[in-house]
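Taken from TrEMBL, the feature domain 'Heme-copper oxidase subunit III family profile' covers B:4-261. The transmembrane segment annotation in TrEMBL covers B:16-35, B:41-58, B:79-102, B:129-147, B:159-177, B:197-220, B:240-259.
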Amino acid sequence: MGTWGAAQQHGKASAPVTHRAGGGGRTWRALSLLGALPAVALCMANVMLQQRHHRPARPTFVPYHHLRIRTKPFPWGDGTHTLFHNPRTNALPSGYEQ
Amino acid sequence: MAHQAHSYHMVDPSPWPIFGAAAALLTTSGLIMWFHYSSTTLLTMGLLSMLLVMLQWWRDVIRESTFQGHHTPTVQKGLRYGMILFITSEAFFFLGFFWAFFHSSLAPTPELGGQWPPTGVKPLNPLEVPLLNTAILLASGVTVTWTHHSITEGNRKQAIHALTLTILLGFYFTALQAMEYHEASFSIADSVYGSTFFVATGFHGLHVIIGSSFLTVCLLRLIKFHFTPNHHFGFEAAAWYWHFVDIIWLFLYMSMYWWGS
């Protein structure tokens, strides 16, 4: 079924094929480990740095008619909480719960 | 002994198509029963039967191909066309939700305060977690390509490492999105902004979960020696789907997160 035998002995991408510029396991391995993953790490650091600032005070509740629409109760719980309801940041039509 | 005089696969009779249709009926009527009559019985039966049909149907495809050798190059070509057509149909599916978003956001109505985002809606900062999520999906596209080259070159260890990394990145994206959903100050019920945002990103998240599952099955098959350097279409299909999911995210990020903030 598989022909892993020969390549297995080397433990790295060293299949004896003619070198194709821009292709090859070695190239994409390098792009992954030296490019893509460090970029993810940088973005992670960026998020952590930005979230060090104190949480901004949540906006005052204004009972706008276009927000917190409840045409029909949700089919779960008491029907008035959205699926990812966050008591701290999400107000109900009547105002914040906390 | 009879042999076929063609290179196509005449599939043995199977119960999965009709059971799949039954599962679809149970699920759709189950949704109605849940929404309107507060009963979850049909829905549970529908989702359970859907899962069972998928597992058994695709298990049979693996048996027919990897173990019985029915997937000739001709058959594989048909599968390639099929996957491409399916992904194209998914692209049109998302196109509808992007249409809805631009319909509402290019000319915001007076009810929204004549602006986008609407009055009272505080959008997520596109340069925080959404940017990280973009990097994660792009990185997973690079690692899945590394996986593919490793498979073609017969490098089993690297293929397993690269595919595992891809799947972990997918899980990380899903976890971050779930956290974002919980932390957001706006919900799906907050005007058409919430509707377009959560329906589009929600379906995208579902596709990330589907894609991660597909890749996980490929990882298990990779470990069990199902793939050869020249024949690994199941993995290629998963990789195509994954790239599609990545591209949809890029459009979501540019339009809803960035332009729409």
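Cβ atoms here come from the backbone N, Cα and C positions, even for glycine.
Note on the transmembrane segment (B:79-102): residues 71, 195-197, 199-200, 203-204, 207, 233, 236-237, 240-241, 244, 248, 251, 255-256, 260 of its chain, located 6 or more positions outside it, place their CB under 8 angstroms from a CB of the stretch. Tertiary neighbourhood of the transmembrane segment (B:159-177): same-chain residues 129, 132-133, 136-137, 139-140, 143-144, 146-147, 150-151, 201, 205, 208-209, 211-212, 215-216, 218-219, 222-223, 242, selected by CB-CB distance under 8 Å and a gap of 6+ residues from either end. Looking just at the domain 'Heme-copper oxidase subunit III family profile' (B:4-261), the mean pLDDT is 97.
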